[in-house]
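S.K.: Dumping what TrEMBL says about this protein:
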| type | residues | note |
| --- | --- | --- |
| TRANSMEM | B:21-49 | transmembrane segment |
| TRANSMEM | B:98-122 | transmembrane segment |
| DOMAIN | B:99-309 | domain 'ABC transmembrane type-1' |
| TRANSMEM | B:134-154 | transmembrane segment |
| TRANSMEM | B:193-210 | transmembrane segment |
| TRANSMEM | B:231-253 | transmembrane segment |
| TRANSMEM | B:291-313 | transmembrane segment |
| TRANSMEM | B:340-365 | transmembrane segment |
| TRANSMEM | B:395-415 | transmembrane segment |
| DOMAIN | B:396-600 | domain 'ABC transmembrane type-1' |
| TRANSMEM | B:435-456 | transmembrane segment |
| TRANSMEM | B:468-485 | transmembrane segment |
| TRANSMEM | B:521-543 | transmembrane segment |
| TRANSMEM | B:581-603 | transmembrane segment |
Amino acid sequence: MVEVKLEGIVKTFGETVALKGIDLHIKHGELFTLLGPSGCGKSTTLRIIAGLDFPDEGHLYFDDEEVTYKSSSERGAVLVFQNYALWPHMSVYDNIAYGLKIRKFPKQEIEKRVKWVLELVKLQGYEDRYPTQLSGGQQQRVAIARALVVEPKLLLLDEPLSNLDAKLRLEMRSEIRRIQRELGITVLYVTHDQEEAMAISDRIAVMNIGQVEQVGTPKEIYEKPKTEFVASFMGKTNVIPAEVVERDGDKVTVEFENFRLDGLTYKENNDKVVLVIRPERISLHPIENAVAITGKVDLIEYYGFFIEVVGLFGEKRIIARTINDKDVAHLRPQGEVTFYIERNDVLVLPKQNL
Amino acid sequence: MKVSKWSERLFGTPLFEPLVAFSYIFPLLYLIVFLIVPVLSMLLIAFTYDGNISLHWFKSILMNSYYIQIPPRGEFAQKLTTSTGESLYLIRGLDFGVVLNSLVVAALVTLFTAILGTVFAFVMARYNFKGKNLFRIALFIPLLVTPFVNAYVIKQMFSEFGLINYIFHEVLHILPFRIKIDGLAGVVLAQSMAYYPIVYLNAYASFINIDPTLEEQAENLGSRGFHLFRTVTFPLALPGIAAGATLVFIFSLEDLAAPIVFHGDPLAKKLMSYQIFSKFIYGLGERSPEIAALSIIMLTLAIIAFLGIRKYVSLRQYAMLSKGGRWKPRISDPKPWQALLIYLVLLPALLITIFPQLGVIMLAFSERWTTTVLPQGFTIDYVKEMILNPDVRRFIVNSLTYSGAAVILIVLLSITSSYATSRFKGVLSPILESIVILPIAVPGIVVAMGYFYFFSAVTPENSPLNPTSLYGFNPALVLILAYSIRRLPFAARSVYAGLQQVHMSLEESSMNLGASRWKTITGILMPLISLNVFGGAMLSFVYSMSETSVGITLGSINMAQAPITAFMKEVLMSAAGSINIAAALGVLLIVVQITAIVVVNVITKQRYSFIGLT
Ligand SMILES: Nc1ncnc2c1ncn2[C@@H]1O[C@H](COP(=O)(O)OP(=O)(O)OP(=O)(O)O)[C@@H](O)[C@H]1O
Ligand SMILES: [Mg+2]
């Protein structure tokens, strides 16, 4: 178990600035996730922590020891590669035993541990297979077993589930969570799938173009995004450009299209804003003290256990979500619809240039 | 935990690691000391006149009509009469002077091989016809290297009463007169026949790698037949064809075997390679600045061709992989007129070009070959003699020893250099990458000259390492070094290709799990690239066995330690032994080469790869 600290990590590849100054603090025994779109620098951060790349600037600490330029082989931060990187000329057993042999464990101890870890990842009996004789999910479990068996201080997982089918993903996701809790190791997890991040993490850092936009628990990030980017990245949501037209201390009135919403909370100076409203927070039946806006029905989409109504408000489309069939029974395409929104469900954030 | 800025710049890793540094420094130093410095030592001599730096020797070459002769002298073909009273056309070529002759010969050989190689490649890549597999195998036969004897057979084929006159004059009556090809024309002929498969292999690979959808799209837009070939197919294959042709240009420029075989005609001697060679042999111990200057001229031409093609090909690295979808090769049945062309033109051309190798085998097993069409009288005496006579066997043992030792060095050099250039991006990487392939562009005779000057300057006088030693020079070390340098590109390419197929994460995960770099290289990388190393080693071994230029110059100073090729040259130049024994040695080389090809094929399951320039 280890605590990881990154301070002002900058990394460039020729002209591209991959990381623009990353500060992170990952605590003992935490499952911490780096979440962000493709190319935002997640893998680069992970490789720097693993010691496979070195930053141009900044410092990296494991507990209180600076390890910025310690070689990968001495660092004990074991990475599970996105492509698994299993050695094709070695059997499952040899792949897993490799790290133990390097650490000069006695033969019996090696056998014992390999057996233990194979049970952990549910691959008993696969010792003598070669990587090419395994399915994608099995390969991935071997890769995780190979990392776990050396009991790393820190386990780094780079989109470990991205090559799996939906069902196996869910299974493996909870497996990883279970194993992490069981062994109590610090895990740094990389993904670009926000749902996966929410499900698995203790805390999440949302990254965008080489920067960390927000760090927090899944709940915080989902409910209290600090920036437009984070809000729009965390699942399907309404992001409505608007303008502040009146201010009274923290309270503002904003306008979009021809609609006005008053009594919203906003502390920044910038008048160009976005309104972030989660679809499930918009009601289709009247609520007391809520803002009501009326527009046209554009679309009604059935998703099974919930239904989405896309309303057209001027030029702007806003989505409302409900689990109640009755809410939509009276709606007709192109007919009128009223959305009811409680004021504290509307997040006003400064507009970003995304 | 020491960060080093210069290690990052030079080697591309901020943590200085001795093993990484070694991978860069060892091949770099080796090539500088044993290739660059010897060649540069010649520059020194060539640019010195009366103790001053001067262009004197270059001027004197370029002003001398012996070297540059415009307009050319002589008659391209002469009409003579044979002893039997028939008319005979003797074709020898024109004399443009030594320097221009070399250029003209190389240009013609390049042109002929480019045409022949491309046509064969296109037909093999795009048409299905009866006997195609035999064609495929036959096309490898001219690639089998049998120094001197090969050209000797070609000379016989095209002599007054040779095979060609027999078939086309006596039997088929296509030729109304006899022809005899000698002199520079003979050299062009012999080289064209030997080198066209090089273009063929490169062009074939290019045609095969063209994404069929590119051509289908053009057809779809209305392009057909020759127009399609000219506007789409050929331009896409051109980089490959050009790379092969350039290789031929350089090979032709530096070739010594054909001029030596045809040296009975003084015109064949008027080539740069032969001039340097003969001055070297007859003026041993002298430092001739004129010859050094001539070597520099030849080297410059080869380097220009080499750099030109690298630049050209790198500019035209068309990304040819299609984005998914099917990849159905475009193979069709030839139309009747195309089939006619295949069987009436290509087949005879193929048969003629594989005859030299067959001739060598026949020669090895026959008693004599004078004025008859084919060698006469079957015997295994010469093969027996080659194996049993210690005076001949010695050459085989020498060649095997030197080639074996060279291969060990080559393996070490190609692994280190390929590892450095494929895994790290320091400023030294591109330098190392170019310098490793550079030996292709340095003519063997230039290496020989450079070594001669270099080793006579840096080794103690009269030591066995000094070529001018009075007490007997032992060429072993010099030959091993020369082989290791000259054949390095063959293996380096193969190892580099292997490394590129191993994803770096396989090594990273090993180091990330705590393994040292050494352990990672030996435990993970080497097992994964062993077949490429093996293939490269075999290839360089085979071509070390048949190395000519250095072997017949430095290697023949002391015949007790000489390699096979030195002995073969002695046979051809001074009738020191029978040509049949030389042919028997040629057969031995063929056996070695075929064995290597088969073994590499079986073990690595890869197609035999000849060398390209890129
Ligand atoms: N070795 C490299 N050389 C040059 N540029 C690189 C290199 N590695 C990463 N980059 C660049 O740095 C940026 C961040 O890359 P990185 O691989 O960290 O992204 P990522 O967040 O992991 O993306 P993905 O989700 O697609 O894996 C990208 O713009 C990428 O092109
Ligand atoms: Mg990545």
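Glycine is no exception: its Cβ is also placed from the backbone N, Cα and C atoms.
Could you place the listed features in the three-dimensional structure?
M.R.: Residues 39, 42-43, 45-46, 57-58, 61, 67, 98-99, 102-103, 239, 242-243, 246, 249-250, 253-254, 272-273, 275-276, 279-280, 283, 434, 438, 440-443, 445-446, 449-450, 453, 613-614 of the same chain sit 6 or more residues outside the transmembrane segment (B:291-313) yet have a Cβ under 8 Å from a Cβ within it.
Distant neighbours of the transmembrane segment (B:340-365): 116, 119-120, 123, 127, 129, 131, 135, 138-139, 141-142, 144, 146, 149-154, 156-157, 163-164, 193-194, 196, 334, 374-375, 378-380, 382-383, 579-580, 583-584, 586-587, 590; these residues of the same chain sit at least 6 beyond its ends, with a Cβ under 8 Å from one of its Cβ atoms.
Long-range contacts of the transmembrane segment (B:395-415) within its own chain (CB-CB distance under 8 A, at least 6 residues past either end) are made by residues 26-27, 30-31, 386, 436, 476, 479-481, 483-484, 487-488, 491-492, 494-496, 533, 536-537, 540-541, 544-545, 561-567, 585, 588.
Beyond its flanks by at least six residues, the transmembrane segment (B:521-543) meets 19, 145, 403-404, 406-407, 410-411, 414-415, 419, 483, 487-488, 490-495, 497-499, 502, 506-507, 510, 515, 592-593, 596, 599-600, 603-604, 606, 609, 611 of its own chain at Cβ-Cβ distances under 8 Å.
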S.K.: Which of B:21-49, B:134-154, B:231-253, B:435-456, B:468-485 shares the most C-beta pairs under 8 angstroms with the transmembrane segment (B:98-122)?
M.R.: B:231-253
S.K.: Quickly jot the same-chain residues contacting the transmembrane segment (B:231-253) by Cβ under 8 Å, restricted to those at least six beyond its ends, or write none.
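M.R.: Long-range Cβ neighbours of the transmembrane segment (B:231-253): 102, 105-107, 109-110, 113-114, 117-118, 121-122, 191, 195-196, 198-203, 205-207, 209-210, 214-215, 218, 223, 272-273, 298, 301-302, 305-306, 308-309, 312-313, 316-318, 320, 440-441, 443, 611-614.
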S.K.: Cβ under 8 Å, sequence separation of at least 6 from the ends of the transmembrane segment (B:134-154): give me the contacting residues as numbers and ranges.
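M.R.: Distant contacts of the transmembrane segment (B:134-154): 120, 124, 186, 189-190, 193-194, 196-198, 200, 257-258, 260-262, 346, 350, 353-360, 363, 543, 546, 548, 565, 568-569, 571-572, 579, 582-583, 585-587, 589-590, 593-594, 597, 608, 610.
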S.K.: Does the transmembrane segment (B:468-485) come close to the transmembrane segment (B:21-49), meaning at least 3 CB pairs under 8 Å for residues 6 or more apart?
M.R.: yes
